[in-house]
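What follows is a single structure, written as structure tokens, with notes after it.
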Amino acid sequence: MSLLLLVFMAVIGSASPDAATGANETLRRPSGHSLDDSHHPRNSSEHRKAFPVLAFNYEHVSKPFVISLWILLALLMKLGFHLIPRVSHIVPESCLLIFVGLLVGGIIKAMDQTPPVLDTKLFFLYLLPPIILDAGYFLPIRPFTENMGTILVFAVVGTLWNAFFIGGMMFAVCQIEAAQVGHVDLLSCLLFGSIISAVDPVAVLAVFEEIHINELLHILVFGESLLNDAVTVVLYHLFEEFAHEGTVTVGDALLGVVSFFVVSVGGVMVGFIYGVLGAFTSRFTSHSRVIEPLFVFLYSYMAYLSAEVFHLSGIMSLIACGVIMRPYVEANISHKSYTTIKYFLKMWSSVSETLIFIFLGVSTVEGPHNWNWIFVIFTLILCLLSRVLGVVGLTFIINKFRIIKLTKKDQFIVAYGGLRGAIAFSLGFLLTDTEKKDMFLTAIITVIFFTVFVQGMTIRPLVELLAVKKKKESKASINEEIHTQFLDHLLTGIEDICGHYGHHHWKDKLNRFNRKYVKKWLIAGDRSSEPQLISFYNKMEMKEAMMLVESGSAAKLYHDNCSSVAFQQRAPPKQRAIPSISKTREQEIRKILRANLQKTRQRLRSYSRHDLFSDPFEDSMSEIRFRKQRVQMERRMSHYLTVPANRQETPSARKVWFEPEHKVYTYDESESPRDGAALETLPDTVSLLSESPQRPGQSSRLRKRGDTEPSANAPDSQEEPQKLSRCFSDPETLQNK
């Protein structure tokens, strides 16, 4: 399908300009008037031509038509790549796209047409910004900030090492007579080294996202590819200027160092300003949600263009703008706008990445090339050697300051993942010297093809062979997030106690400043001051609401998740409706609650959950138990409030003996329930204990001693039979008694 589109595009491009001109004249003068006929209007009816029903004017829509065809070709290639899982598992997508570009360029070349070339202006102003914006806007902030020192060392020191090592060694190679490149001076070699030394973010993204490497290695390599832009830009312009001048002084070198800080810090400041402006603008978009995504895209693109105006680092400007803008914009915009921003950036960056690799293949076919075996082979070898030496040497120093050390496997993946891409090709395309430019571009294309094809295709098997830790697919749970925040606060407190101002201390200071001042200006409404837990709960509610809306339960969503403020505006608050229960049912419930909730240590009677009617015997026992508790409480109060004249004796211990059917007989220690005489004295009928409280003096032992003690109730108490009691107390309680 893509080849048919390509042939169709070539046929259209080969249309004769005369036919297009004739069609244009037909459109301009559809009535068919000539210059002579305009002077003779009376005879115009005799020479009038027929009205053109169909006309052909390709030149009018040539540019947008070709752009649409290229984008359609890129999308069809991407779709076909993912429809064949065997190919996508072995070959990276970037390799296939470059191969398609080579094929398309060969077909266009065979048809004697001029294929399009990856122009520097097209690449830097239209194709690169969407990829960098997508990477910067969704950049994982926590791993990036935690490994900022390591990333900066690799990006700055590592890139400088690669540039000067490759440039110096290539100058030595140029001195070989067999190479026949003795006309290349030192500054030109250093310029070539600055172009070929930088790791390309487009190639790294294309390969590392497919192999799903762990987050640490991904952020190290990708962060290096993003931040080395400032070094590459400064070195490129510096050596290009020195190459034209021919001489370099110490002042020029110092100005180059100052230029590095100006380019990097200036790019970050431009991105910071546009990010704050974008966040502040999103605060007032609550009444026009449709234009919210446009502000994100336009402010980011304006940050990139503004940095390029002053020759600052546009990549760092885009990254800073996306990082600053994202938390405040997401707090202000709607969920639909957030979804639009997310998927539009992914779509835009994917299309740009596809077009870059296809154009890279087409430009390779177009040429021109100046192949020099010695120069190309030594360039490839020195690029690999400088990368390995730089990573190993810098890691040896970095591990002295890191808590989590970089292992040998990690160093190998970081060194092997230093891919080159379209940025090096575009910078080489900017060179002016034709002879050197062709030779440099040939060497750059060779290095790009080797890193993308060889290293890109073999890095997945090597990762599996070395058993390198893969990326965790599932998101962190709430428990993990809570414990992570807890550890952050704990480490911050430890640093404060020790007096060590580490990154946890400064991170806490920055968060406090953000909550106290920045959020009030950049976030609208109460979201700027609400706690994180409430904010997380609001996000969960929003997610559930969107799920309900997508499932078609809009009515349920309105009744269940309606906010209290909106509900008060619609109708006055209604009181909670109390269900009506009959008095009989209410009494039953009260009795069950009294019996089961007053004394929780008791072993409760089992009852059916379908029938709440209780046993009347349980009700009577509960009343007796309540009265006993009340009497004991009154006795304790009287003991504390009054002082008794004579201390009462402690009543004798009473024991129990269980009989079937829950019959319990009480007896004194001197009596034995196993004694037949004692059993004969027991009455046939079983009566409950008297509801009136018994005093300690009314025990059985004191009744036997009643002959010596004058008491009016002594005869009655002696003649009174021993009573039986039925009890449902806990066995532990009975044992204590």
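Each residue, glycine too, has its Cβ placed from N, Cα and C.
Under the heading signal peptide, TrEMBL lists 1-15.
Annotated region 'Disordered' per TrEMBL: 19-45 (among others), in sequence order.
The feature compositional bias 'Basic and acidic residues' is assigned by TrEMBL to 34-45.
Residues or ranges marked as domain 'Cation/H+ exchanger transmembrane' by TrEMBL: 71-464.
Taken from TrEMBL, the feature transmembrane segment covers 91-111 (among others).
Annotated transmembrane segment per TrEMBL: 123-139 (among others), in sequence order.
The annotation transmembrane segment is assigned in TrEMBL to 151-173 (among others).
The annotation transmembrane segment is assigned in TrEMBL to 185-207 (among others).
Under the heading transmembrane segment, TrEMBL lists 219-239 (among others).
TrEMBL lists 254-277 (among others) with the feature transmembrane segment.
Per TrEMBL, the feature transmembrane segment maps to 312-329 (among others).
According to TrEMBL, the transmembrane segment annotation covers 341-361 (among others). If one looks beyond the transmembrane segment (341-361) by at least 6 residues along the same chain, the residues whose Cβ comes under 8 Å of a Cβ in the stretch are 70-71, 73-75, 77-78, 94, 97-105, 116-118, 122-123, 126-128, 130-131, 133-135, 137-138, 202, 205-206, 292-293, 296-297, 333, 421-422, 425, 448.
As annotated by TrEMBL, transmembrane segment applies to 373-399 (among others). Long-range Cβ contacts of the transmembrane segment (373-399) within its own chain (Cβ-Cβ under 8 Å, at least 6 residues beyond either end) map to 149-150, 153-154, 157-158, 161-162, 165-166, 169-170, 173-174, 176, 178-179, 181, 196-197, 405-406, 411, 414-415, 418, 420, 439, 442-443, 446-447, 450.
The transmembrane segment feature in TrEMBL is assigned to 411-431 (among others).
Per TrEMBL, transmembrane segment is recorded for 443-463 (among others).
Note on the domain 'Sodium/hydrogen exchanger regulatory region' (564-651): mean pLDDT across this stretch is 56. The domain 'Sodium/hydrogen exchanger regulatory region' annotation in TrEMBL covers 564-651.
Most Cβ pairs under 8 Å with the transmembrane segment (411-431) belong to 443-463, among the candidate stretches 91-111, 151-173, 254-277, 443-463. If you look at the transmembrane segment (123-139) against the transmembrane segment (185-207), you find at least three C-beta pairs under 8 angstroms, all six or more positions apart, and that counts as contact. Two recorded stretches are said to be in contact when at least 3 C-beta pairs lie under 8 angstroms, sequence spacing 6 or more; the transmembrane segment (185-207) and the transmembrane segment (254-277) fall short of this definition. Residues of the same chain lying 6 or more positions beyond the ends of the transmembrane segment (254-277) and with a Cβ under 8 Å from any Cβ of it are 230-231, 233-234, 237-238, 299-300, 302-303, 306-307, 310-325, 522.
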